Amino acid sequence: SGLRALDRGAAAVATGARRLDEGVTPLLAGARQLQAGSGELLSGARRLDDGNARLLAGARQLDDGNAQLRTGAAKLASGLASARDQIPVIQNDDMHHAAQNFANPVEVRSSNAHPAHQYGRGLAPFFIAIGLWVFGIVAFLLLRPVPGRLLAARLGSGTVAFAAFLPVLAVGLVAALVLFLVLDVGLGLDPLSTAGTLGLMALGVAAFAAIVQFLRIAFGAVADALALVLLITQLVSCGGLYPVETLPQPFRAIHAVIPMTYLVEPLRTTISGGLASRALRDAGVLGLYLAAALALLVGAVALRRRWTPSRLKPDLDL
């Protein structure tokens, strides 16, 4: 009976041991999960600690900014109070003037640096240029562009060209002087620079006469028509009557390449005033036109001196 009881007790112990073993396995798994969760909890705690540190730093910066804001607000209040104290007290009698000052805080004054007291004074450069160009056309109605004896002379083409040009230049200078005297003495032009005006007129009549003389030698009887076409083109393109900006685009395009432009513009400066540097630049361009016209004149004379059988013995009509 005692052995049976011992056997039953041993069986119960074995059963309890199995149950204990079965219970330890989940407990071990739970312990492992607890260990993993503890690692994650530790990592989260560290991140929380870092966030708290950043939050503390931001709070300190915010506190510093608030202090600066308080200081700036105090300065602004002090400045506004000082500005308020500087505002003058406007009496009832001064109210109208104060309103005018507030309505027009800036006084605008205009001054004419280069006044042309008469309308004709502004148009004088334009008509001077026309007169000098017309002189070039009329001169060769009275004078031969190049005398035949000069063409036949045993001289260089350059010498012949200048010998034919000098008489026209001399007459042109006299004509320019007469024109100036009529404008100055007769019409009261009174330019700011008499010497500059006379110099530009001399340069202009030389350039225009050389251009027309080249046309007469190169194209013969057709040259007068060409000179008139050039004159009409320049009348509407040189800006003598209206500002260049108001002209149609084709005329604005040729404004900068016609010789009359570079006589009208500097004459405005010498007569009524303006930038001397710009007048000198325009006079230089007009001088280049004169040099180019003289070079073309020499070339045209050289071509005219080539004698052909038809020129030596023209056909006779019977």
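Any Cβ shown, glycine's included, is placed from N, Cα and C.
The feature domain 'ABC-2 type transporter transmembrane' is assigned by TrEMBL to 78-297.
Feature annotation from TrEMBL assigns transmembrane segment to 123-143 (among others).
For 155-183 (among others), the entry in TrEMBL reads transmembrane segment.
Here TrEMBL flags 195-215 (among others) as transmembrane segment.
The transmembrane segment annotation in TrEMBL covers 222-242 (among others). Residues 123, 125-127, 129-130, 133-134, 136-137, 140-141, 211-212, 215-216, 251-252, 254-255, 258-261, 264-265 of the same chain, all 6+ positions outside the transmembrane segment (222-242), place their C-beta atoms under 8 angstroms from a C-beta of that stretch.
Beyond the ends of the transmembrane segment (283-303), by six or more residues, the same chain brings 146, 151, 157-158, 160-162, 164-165, 199-200, 203-204, 206-207, 210-211, 213-214, 217-218, 259, 262-263, 266 to within a C-beta distance below 8 angstroms of the stretch. Under the heading transmembrane segment, TrEMBL lists 283-303 (among others).
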Distal contacts, the transmembrane segment (155-183) - CB-CB under 8 A, six or more residues away: 124, 128, 131-132, 135-136, 139-140, 143, 145-147, 189, 197-198, 201-202, 204-206, 209-210, 213, 294, 297-302, 305
Same-chain residue ranges lying at least 6 outside the transmembrane segment (123-143) that approach it to Cβ under 8 Å: 167-168, 171-172, 175-176, 179, 183, 189, 201, 204-205, 208-209, 211-213, 216, 223-224, 227-228, 231, 234-235, 238, 240-241, 260, 263-265, 267-268, 271
